[in-house]
């Protein structure tokens with residue numbers, strides 16, 4: 001909180017000279033007993049964690065809700081088919097980012113293929129692609145598959161099942177869980193020189209911490225604060241030998257889908273990757289013994305990262321919706337009242353151009369399959385086959401693949417509909 005009079009308890013201690021212990025204890029007592037403080041049944045260095053709803057934090061939380069309204073207004077302008085492709089684009093960035101934060105590098109192509117395999121498992125001949133199960137679980141965040149939409153867990157067993165679903169196939173044999181729900185042995189994190197964090201020890205302690213986290217998400221007020229504190233508790237407990245960071249960020253995204261829009265919820269890891277040092281510093285400061293369990297600064301720092309993610313998302317949606325509006329006008333202008341005119345486009349032809357333009361604008365890939373075109377347009381393959389032939393003959397669409405048949409706009413068509421870079 002640069003420029004703020006509200007300082008970390010650790011800072012107050014070090015600035016207080018000979019009176020440090022007394023001033024520190026007095027300030028800690030005042031903060032924990034303030035009517036604006038929230039408390040959880042979880043301890044860091046023996047002190048119950050708490051958050052003080054100071055002015056700066058309240059303002060950042062208010063900013064989140066205001067920006068969410070702006071995002072929802074922009075999201076409502078995006079056509080249904082484009083929404084799907086844009087979510088896929090965000091999802092690729094989210095999975096790549098949450099992996100990269102942990103030093104696991106995956107290409108856009110790998111993640112895109114994992115998403116496609118998760119959506120169409122029959123096309124992969126039973127062979128699982130890297131990150132396919134992870135992609136499938138993320139897709140369940142917004143109910144894209146026939147499987148039941150995933151919901152935030154309410155029990156230890158549900159949380160364990162979700163972990164297995166998300167990361168089970170990504171975890172090495174040596175890191176497989178050996179307790180009833182979580183790890184039975186100890187775990188520590190080092191910076192290469194010294195231990196910087198030790199997870200909770202003993203299954204009873206792990207279970208109690210995770211139970212507190214789960215219960216906090218069912219509170220009837222302060223939902224965002226509880227979501228961010230819950231993220232801290234899970235990472236501090238460190239219930240798994242491997243995958244704590246990726247699972248923790250997935251769980252936070254899952255909770256955010258219940259509070260905010262889907263595109264907001266799956267934009268967080270990209271922002272965390274851009275501010276990776278600040279993200280880890282927020283955890284480090286929260287664990288400082290002299291900060292006495294205060295999570296005010298942790299919640300503030302993560303809320304600011306969320307605001308940054310939302311601003312980037314909002315800018316992207318505003319720009320794409322502006323281009324979409326231009327494209328809509330350009331495509332409408334291509335429809336001729338005289339069907340015999342050489343450059344005439346009929347309604348079905350213009351609809352295909354507009355759909356492929358949306359995919360080019362919003363999606364992680366350039367084309368649509370014939371089946372997708374039929375589904376969105378409510379037409380049969382037979383009725384669209386001659387339309388695609390005419391558009392290909394005119395040099396406006398091209399085949400990207402033959403099996404399955406995939407079409408995309410040509411460079412000429414991209415110029416024609418007004419969405420060229």
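Cβ coordinates come from backbone N, Cα and C, glycine included.
The active site annotation in TrEMBL covers 238. DSSP gives residue 238 (active site) a coil state; it is part of no helix or strand.
DSSP classifies residue 279 (ATP binding site) as helix under the three-state reduction. If you look up TrEMBL, you'll see 242, 243, 244, 245, 246, 247, 248, 249, 279, 280, 291 marked as ATP binding site.
Long-range Cβ contacts of the coiled coil (300-330) within its own chain (Cβ-Cβ under 8 Å, at least 6 residues beyond either end) map to 1, 56-57, 60-61, 63-64, 67-68, 70-71, 74-75, 77-79, 82, 86, 90, 224, 228, 231, 263-264, 267-268, 270-272, 274-275, 278-279, 281-282, 354, 357-358, 361-362, 416-419. Annotation source TrEMBL lists coiled coil at 300-330.
Note: the domain 'Fido' (154-301) comprises 92 helix, 8 strand, 48 coil (DSSP; helix = H, G, I, strand = E, B). The domain 'Fido' annotation in TrEMBL covers 154-301.
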(message) Applying a 10 Å Cβ distance cut-off over all chains shown, what neighbour count does residue 244 (ATP binding site) have?
(response) 22
(message) With the cut-off set at 10 Å between Cβ atoms, which of these binding-site residues ends up with the most neighbours? Options: 242, 291.
(response) 291
(request) Only counting partners 6 or more residues apart, tell me which same-chain residues put their Cβ under 8 Å from the Cβ of residue 248 (ATP binding site). (result) 231, 234, 235
